[in-house]
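Copied over from TrEMBL, here are the features:
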type: DOMAIN; residues: 133-200; note: domain 'Sphingomyelin synthase-like'
type: TRANSMEM; residues: 20-39; note: transmembrane segment
type: TRANSMEM; residues: 65-82; note: transmembrane segment
type: TRANSMEM; residues: 88-112; note: transmembrane segment
type: TRANSMEM; residues: 138-156; note: transmembrane segment
type: TRANSMEM; residues: 162-180; note: transmembrane segment
type: TRANSMEM; residues: 187-204; note: transmembrane segment
Amino acid sequence: MNKNRDIINKINNFFHEIPLVAYIIPYLMHLCSTSYLLYGEPHKYTHKEPLYDIIINNIPNLSKYHYLINYIMLILLIPFLINPKLDYFISIFKYVSIIIFFRAITTSVTILPSCEKDHCKLQNNYLNYIIGHCNDKIFSGHTSVSLILLYLIYNYDLVDTNVFYFLIFIQILIALLLIVTKGHYTIDVLLGYFITGTILLLVSDL
């Protein structure tokens, strides 16, 4: 038990001791991996038949509402903007950097087809690098980032209890919409929770 605690403490200390500039590296990795996915060999495989998904295959097609997710995500940013402090945004920057590091790897090594056939179109758009694109499946960045924002809202005590419960609902709504609007497979969202939750448990108070 003590050995496990020592390992967790070492992991936590490692991320706290890294200079801020080092957290830029995963963002550069993200630029490279996204360019690879959009313009390299993987893009050929996104037009394949979608994989079976226990939720997507058993509900109506709601993909036309996918654009709403990014607007709903903005709700989770409001508490940080009401009384903005540099520490808040540094924490977001660091945690998202860790997530991006893992996503740059997982999205590149296994390519899943788009959740909707013929939906994946190659576009020269900088938004592909910010909000994602149709073949960056494993795992869900929207789930991870929304969970990080929720954690930091709680950690910095930015809202009262009732508002926080509402924001929990918003985060869950985002995760569900990602699936039902065919933005991600269910496994992508579940892995987003698992990986991000593990990181937040291992690395606290960044």
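Quick reminder: no glycine exception, Cβ is built from N, Cα and C everywhere.
Fair warning: this is a prediction, and the values are worked out from it, not measured in the lab.
Panel annotation: around the transmembrane segment (88-112), residues 15, 20, 23-27, 29-30, 32-33, 36-37, 42, 45-46, 51, 80, 135-139, 141, 144-145, 148-149, 151-152, 155-156, 185, 195-196, 199-200, 203, 206 of the same chain, lying at least six beyond its termini, place a Cβ under 8 Å from a Cβ of the stretch. Within its own chain, the transmembrane segment (138-156) is flanked in space by residues 69, 73, 76-77, 79-80, 87-88, 91-92, 95-96, 99-100, 102-103, 106-107, 110, 112, 132, 164, 167-168, 170-171, 174-175, 178, 183-184, 187-189, 191-193, 195-197, 200, 205, which lie at least six positions past its ends and keep a Cβ under 8 Å from the stretch. Across the range of the domain 'Sphingomyelin synthase-like' (133-200), the DSSP-based residue counts are 50 helix, 0 strand, 18 coil.
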